[in-house]
Amino acid sequence: MGRLAPRPLLLALLSLALCRGRVVRVPTGTLVRVVGTELVIPCNVSDYDGPSEQNFDWSFSSLGSSFVELASTWEVGFPAQLYQERLQRGEILLRRTANDAVELHIKNVQPSDQGHYKCSTPSTDATVQGNYEDTVQVKVLADSLHVGPSARPPPSLSLREGEPFELRCTAASASPLHTHLALLWELHRGPARRNVLALTHEGRFHPGLGYEQRYHSGDVRLDTVGSDAYRLSVSRALSADQGSYRCIVSEWIAEQGNWQEIQEKAVEVATVVIQPTVLRAAVPKNVSVAEGKELDLTCNITTDRADDVRPEVTWSFSRTPDSTLPGSRVLARLDRDSLVHSSPHIALSHVDARSYHLLVRDVSKENSGYYFCHVSLWAPGHNRSWHKVAEAVSSPAGVGVTWLEPDYQVYLNASKAPGFADDPTELACRVVDTKSGEANVRFTVSWYYRMNRRSDDVVTSELLAVMDGDWTLKYGERSKQRAQDGDFIFSKEHTDTFNFRIQRTTEEDRGNYYCVVSAWTKQRNNSWVKSKDVFSKPVNIFWALEDSVLVVKARQPKPFFAAGNTFEMTCKVSSKNIKSPRYSVLITAEKPVGDLSSPNETKYIISLDQDSVVKLENWTDASRVDGVVLEKVQEDEFRYRMYQTQVSDAGLYRCMVTAWSPVRGSLWREAATSLSNPIEIDFQTSGPIFNASVHSDTPSVIRGDLIKLFCIITVEGAALDPDDMAFDVSWFAVHSFGLDKAPVLLSSLDRKGIVTTSRRDWKSDLSLERVSVLEFLLQVHGSEDQDFGNYYCSVTPWVKSPTGSWQKEAEIHSKPVFITVKMDVLNAFKYPLLIGVGLSTVIGLLSCLIGAPPPTPATSALLEEVPTSSTGVNERGTQPRLTGGIALLNKKELYKSLGFFFFPNHKNSPRKSLSYVQIEASKFLYFVYFMMFTYTFHFEKKEKCKSTF
C-alpha cells in the first residue's frame, strides 16, 4: 500500500472542491419585519452545471428544526396544505428575477411567520459539489410605531402671502430593538406631490426640490418639540405653499451593516390656503395733448394689504394697446426703495401713499400711443430678503398728440423722354403748394418703378432709391449696380425739385415711374421724424420696338476638292433693327454617329467673339493644332479655312453668328443669333478595309514563363505600298474569365514608333515591338497569376493620300484571346516534399528501433480484417493493412496519377480536359494524397521491422 497524503493537504483539496461547487445564498444574519408589512427574501445560486434556468424550493420552520414545504418554482404540489390558501390569495408568491435568482414575497406578515426560511435548489450538476440550500432567520415585531397630528381633525389655515405658519406632527416607537425614525413633510396640491423637508434616520436634513434656497436662508425649518413632536416652520408664506400637508414617518433598523426600512406611516396634518393679495392700478383712458406741451398721467393703486409691503411702480409705452407684444419700452420706474429711474424729459413722482404721477415734457408726435402702469408689491422675507406678493397692470391710457401736418402737392414730369434704346431719360419730381414754410420741416424723396402689363394682374412696385431724413440715399436691388456704374443718377438741384436720370435707357427700363415726397419734422432731441408721404402720378416711359433681324449666308468658293486639300467657307452677315452691331462667329460641324438611328453629333470647332478674339473650341486633333483658321474679312464677312482635310472631317459645316449691341459703354447686349445654311464636305473614296486579329502560341503558360501575343493586321481592297501605311496599336487586357470588367491599357505604339507602357502592381514586365509591316508583338516577361485574362488589340490605321498628307482611318478592335497562367507544382512543393520524405524516413527508423506502441481505439478502427490462413498471413501473403482510404490506395494508380500531374502534356493526361479552377484544386488534393501514401508506406515498413526482430 502507498502512503496516505497528509491531512492538511486533503483538507485543502476538499475545500478547493467545495469552492468550485454549487453555491446557494440567502441574506446573512436575521431579518426583522413588522406585523402587517411585506417580507421579501432573495435567493440565488451560482457555480452550477446544467441548464441556465434553475428551480428553487422554499421551506419554513418556526424553530429551525423541522421544515414545512412553503413554495416551489417547478412543483405545483410542493407547498403544504397549511399555505395553499395564502398562495391562492397571492399573499405568498415567488418572483423570478433572473435564471439563477428568485424572491420570496410574503404580504401582510404575521407573528406566525417568524422563524427560519430555507431556500434549496434541485441538483442539475454532473457531480455533487457545494451547498444546495441556505437558511435565513426572520423575526416579526409588533407594530409599535404611533404617528398622529397635533390636532384632530386636521385644521385648515387661511393665510396671506408673507405671513408665517407652523405645522406639528407626533411620532414615537416602542420597539424592543434599536430602531431609528425618519420623518418627511410632503405637500399635496391636486395630483402633484412635493417633498418639503425631510429628517433622515441618520439625523440629516434634506430640503425638497425648490426648497433648497428657502431652507438655507432659514425661511423653512424643521425642529423637534419635546420627545415625540416635529414642527415644520415657514416664516413667509408664498402662493406655492398652498395645499395639504402630510407627515410621513418611517422606522429603520440596522441589518448586515446597512439600514433597512421596516415600516412607514403617514398622517394628514393640515390644509393651508393662501389668500391672494388684492391689487389694482388705474389710469385715465384717453388723453389729448398739444404738441410741445407737457403730458401728466396719474396711476392710482388699490390694495387690501396694510402691513409693511412696499410698492414698485413702472410706466411703459407701446404703439399698440397690448403691453405684452414686442416693442413696449420702459419710460420710468420707482423701485421699492423709492429710487426713481427715468430720462431727462420724463419725471416720476410719488404724490401720496397710493398715487404716482408721470410727467412727459415737450411732447411730440412720437409720444402718441398707449401708456401702462405696472405695480408690484414686495413683502420682506427672512434674512433681509424680499419676495413679490402681488402684481397688477393698468388698462392702457391712450394719448393723442395734436400737431400741424405739412400741406403740399407733388408733380412728376419727364424732361427728357427716350425715342429708342440707349437714349437718356430724365424725370423731375417737384414739391408745390407748400403751406408750411417752418424751418423744422424738410422734404425727402423716394423713386419707384412699376413694369407695364397689358393684363389686369397686380404688379408690385420696385424701389429704386430712398432718401432718409438725414439726406442719406439708399439704393434698391434693381438700381444698386447701375447706380454704382453711373448709369442711374439721383440728384436734388433745388430745394423743391428732385431729379432722376438714366444715362442709357434699355428695353428693360420701359414702364411706369413715380416719386414719393416725405415730410420730416424736427424733434426736441434734434432728430427727424417722418410726418407725411405724398405720391405723385406715374409717368410712362415707352417707345415702340421692332424685331431684330439677322441673316447669315455661307458659301464655298471651291466646291470640289480632294482629301488633303484646303477647305474654305465664307459667311456673309446682314442685320436690321440692331443699333451699332458687332458680330461673334462660331463654326460648327455636324457629323454622323455610328448608330444610324441616332441624331447627328454637332461639334464646336473654332469661334471669334465681338472683340475679334479667336478661340479653339472642341478641336482635339493635336497633329493639326494650326489646321483651322477663322478670320474677319470685313465688318459683316468672315472666312473659315481648314488645311489638310482628312476623311474624318466629312460633315455639314455652318456659321453660327450672334449680333451684339453696345450698352452702358463697354458692356454688350446680345441682340440676335442666326445659323447659316450648311456647307457639306463629302469624300467619295474607295480606300482599303483594315481588320485586326490576335494570335498566341502560348495560351496556357506556367507562372514565370513568357507570354507572346501577336496583333495581325489584314488589308482588303486596294493594295497599298507599306510606306503609305502607318498604325497606332494599343493592347488591352480584361483580367477575368468573362468580359465583365473594364479593360486595362497595357502598352501602346504610335505610328512614329514611340512605345508607352502603363505601370503595373506586380513583377511581370511588358514589351511591345513591330515584327513586320502588319504584325505587332506583345510579350509578358516573368508572368504572374494576375496576368491571366482576355487580351485584345486596338488599331488606328493612317493612310497617305496622293497629295502626301496622312489620313486617319476609323479605329478597329480585335477579338479577345484568353491566357491561362498555371502554378509550377514541382517548385511549389519541392521543399515541403523533401522535408516530408526526410521526416518520414527518420520516423520509420525510430519505429523499427523502438518498437510499435500498443494499438489505441482510434488505430484499431483503421485495421482491416482480411481472411488469413493458419500461418497468420492473409491470402495475399501480407500483414493486415490500414483502411479508410489508405488501404484503397493502389501504388500503381498513385504513380500513374502523379505522373500525369507532373507531366500534363502526356497524351493520356486528364489535365488537358480540366479547367483552371479544377487544376488548382487538384494540386492540393494530390499533395494530401501523397502524404497519405507516405504514412501507409511507413506503417508497412514498421510492421516488417516488427516481424524481422
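Each position is counted from 1, following the chain as shown.
Glycine residues also receive a Cβ, built from the backbone N, Cα and C atoms like all the rest.
TrEMBL: automatically predicted annotations, no manual curation.
As given in TrEMBL:
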SIGNAL    1-21  signal peptide
DOMAIN    8-129  domain 'Ig-like'
DOMAIN    149-268  domain 'Ig-like'
DOMAIN    276-394  domain 'Ig-like'
DOMAIN    406-536  domain 'Ig-like'
DOMAIN    688-813  domain 'Ig-like'
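In terms of DSSP helix, strand and coil, the domain 'Ig-like' (688-813) has 6 helix, 71 strand, 49 coil. Ranking 149-268, 276-394, 688-813 by CB pairs under 8 A with the domain 'Ig-like' (8-129) puts 149-268 at the top. Over the domain 'Ig-like' (276-394), the average per-residue pLDDT in this prediction is 86.
DSSP states for the domain 'Ig-like' (149-268), grouped as helix (H, G, I), strand (E, B) and coil, give 8 helix, 73 strand, 39 coil.
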